[in-house]
Ligand code: SF4
Ligand code: SF4
């Protein structure tokens, strides 16, 4: 979404002649690493080449009900319309893993509640913006005053494409950015600046003939290489979407209650994934190891207390419970699960109750199978 302040003009002309451009760029990158960023590249403020594919994506309706994506197309394509006066964009990334994952996808214990790794700790947006502001301050101390604006997933910006155009990695067939030496478990941020810095070169792509992410996707959301249908993607359904999740997708969701890492976990390049250099992503409230039944019993006050400063807050209590209900429906049969589902119906809204009913039905089916197999 465009910030109201984003039209602020980066008009200040800065005399950089006294600095060797390459040396200044290297110095900025060193400062970024010192601030805990995992990488830093300088991108040209131009993403025109993304438009044909993005328009096709919108035309096919793959953006689901994220209608804000239909707006500000010109600003997306041309970042100098978003922040006039922008001459270069400092793109950074932060690794968010706290432990190296296995290089291949391993099925999880079905009674566990699985939360996407980026969301188990503190919400990264504030951390990212705060550090980008500090980076801007350090640069000002060196070169003098100039204009800048930090962004972290907060404006109509093709952030992956800009970072890719400057060598931060390549877009994999799952549509995420991959770095050859660090995999894809990272988040991105940008500092728009009025500085005329030399741009970095794009990296080469290395997906080759691999289709592992397409094949593993539990809901077949990657409909063709580099094209993701959000309407089927578990990350969209469990985080952004507020309604009744289509029944044919509920089994595929399994026990993923907030987001999904499967296409990243299977990617061979994540054998090189690096861990975070800051503690903000450390899991809170055992969100890396909590059972479906335990988290199901969080009441709204507990949810609000335990998700303060966490990206999970964004989905809201009722949608969170909706997701856990699906997980419980997909769990192995348990009389305790059925009892907890039944007693919860009075506390939830109609949308959650639709999923509770479905989960009880699923559990009943499994109970019959359980009896037959005895
Ligand atoms: S996040 Fe999950 S559901 Fe979405 S494309 Fe990747 S594997 Fe598929
Ligand atoms: S799993 Fe394979 S195809 Fe998918 S992003 Fe990784 S390398 Fe590319």
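Any Cβ shown, glycine's included, is placed from N, Cα and C.
The Cβ neighbour count for residue 153 (cob(II)alamin binding site), using a 10 Å radius and every protein chain shown, is 15. If you look up TrEMBL, you'll see 76, 153, 171, 177, 188, 260, 261 marked as cob(II)alamin binding site.
Annotation comment: TrEMBL describes 153 as active site, proton donor. According to DSSP, residue 153 (cob(II)alamin binding site) is assigned to coil rather than to any helix or strand.
Across the range of the domain '4Fe-4S ferredoxin-type' (195-226), the DSSP-based residue counts are 5 helix, 3 strand, 24 coil. For 195-226, the entry in TrEMBL reads domain '4Fe-4S ferredoxin-type'.
Residues near residue 207 ([4Fe-4S] cluster 1 binding site) in space but far in sequence (CB under 8 A, at least 6 apart, same chain), listed by position: 170, 172, 173, 178, 225. For 207, 210, 213, 267, the entry in TrEMBL reads [4Fe-4S] cluster 1 binding site.
With a 10 A radius on its CB, residue 233 ([4Fe-4S] cluster 2 binding site) counts 27 other CB atoms from all the protein chains. The [4Fe-4S] cluster 2 binding site feature in TrEMBL is assigned to 217, 233, 260, 263.
Secondary structure from DSSP puts residue 242 (tRNA binding site) in coil. Per TrEMBL, tRNA binding site is recorded for 242.
In sequence order, 172, 173, 174, 178, 211, 212, 214, 263, 266, 268, 269 are the residues of the same chain, not among 207, 210, 213, 267, whose CB sits within 8 A of the CB centroid for the [4Fe-4S] cluster 1 site. Listed in chain order, the extra residues whose Cβ falls within 8 Å of the Cβ center of the [4Fe-4S] cluster 2 site residues 217, 233, 260, 263 are 174, 213, 218, 219, 221, 222, 228, 234, 235, 262. Of the recorded residues, residue 188 (cob(II)alamin binding site) and residue 242 (tRNA binding site) place their C-alpha atoms 25 Å from one another.
Residue pair residue 171 (cob(II)alamin binding site) / residue 242 (tRNA binding site) shows a Cα separation of 28 Å. Among the binding-site residues 260, 261, 267, the residues whose Cβ sits under 6 Å from any atom of ligand 2 are 267. The binding-site residues near ligand 1, defined by a Cβ under 6 Å from one of its atoms, are 217, 233, 260, chosen from 217, 233, 260, 261.
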